[in-house]
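In what follows, a single structure is set out as structure tokens and then discussed.
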Amino acid sequence: MASSTGLVLGVLTLCFIIGEVELCSCFYSHPQEHYCVADFVAVVRVKSQGKGDGSITAYHIKVKKEFKMTEKARHALSQGLIWTSSHEAACGVTLHPTRYLIAGRIRGEKPFVSLCHFVQEWPKLSPKQKKGFRKLYQQGCRCRVRMPSFVKNHREPYCAWETFRGKTDCQGLYSLCVPTAHTSNGTEECSWVSTAQYRRCMKERKYEREMEP
């Protein structure tokens, strides 16, 4: 199955450019986290690669659908360009003439994407991911999605992302994390949304793990 995070790097991947030390460091993040922290989330069609200055590269794009957009991001994207580092070792991405779901940030006046952002071909997203980016992930932005090793003493409401490792990321592909209740002391709790596809995936994942030698 396709990875739920597309071109996003694994935990703390470190890369260096020959001739200069430039660190590329990204935490593996759930699609909902990418949505919640992004300045813009949109389906864009990449038309062609443009010119750069040697360190960054521009791509000519057309925004097909907007799912989240600050005014600054809308103005920046109206120029029809999106930018990335020219070097993969510096987290640059290579885009092809097709449609992408991009959750990116604004740097200065430019819309910018990198391996640290969510960049995935639109047809390769699961139906649940598409629905999440369209309207559902925004419901969970008060929750954080955290890997189990990072949840100790975590004060914000969160869901533990337990399926990020392995062949099938059920929580990344088929679920989202939303507020569900308040505890007796008034703090909010969050939990994974259970759907038929999510439950089936978790059942298959459990079976596969039980069959491992």
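Cβ atoms are placed via backbone N, Cα and C, with glycine included.
TrEMBL lists 1-23 with the feature signal peptide.
Remark: secondary structure over the domain 'NTR' (24-141) totals 34 helix, 45 strand, 39 coil, with classes taken from DSSP. Annotation source TrEMBL lists domain 'NTR' at 24-141.
Look at TrEMBL and you will find C24 tagged as Zn(2+) binding site.
As annotated by TrEMBL, disulfide bond applies to C24-C91 (among others).
Taken from TrEMBL, the feature disulfide bond applies to C26-C116 (among others).
Remark: C141 (disulfide bond) has Q32, Y35, C36 as non-local neighbours, by Cβ distance under 8 Å and separation of at least 6 in sequence. Taken from TrEMBL, the feature disulfide bond covers C36-C141 (among others).
The local packing around C190 (disulfide bond), expressed as other Cβ atoms within 10 Å of its Cβ over all shown chains, amounts to 20. DSSP assigns C190 (disulfide bond) to a strand segment in the three-state reduction. If you look up TrEMBL, you'll see C143-C190 (among others) marked as disulfide bond.
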With C26 (disulfide bond) as the reference Cα, tell me which of the disulfide-bonded residues C91, C143, C190 is the closest one. C91
What Cα-Cα separation, expressed in whole Å, is found between C143 (disulfide bond) and C91 (disulfide bond)? 27
Return the count of C-beta atoms lying within 10 angstroms of the C-beta of C26 (disulfide bond), excluding that atom itself. 18
Using C-alpha atoms only, work out the spacing between C91 (disulfide bond) and C24 (Zn(2+) binding site) and round it to an integer in Å. 6
Euclidean distance between Cα atoms of C116 (disulfide bond) and C190 (disulfide bond), Å: 25
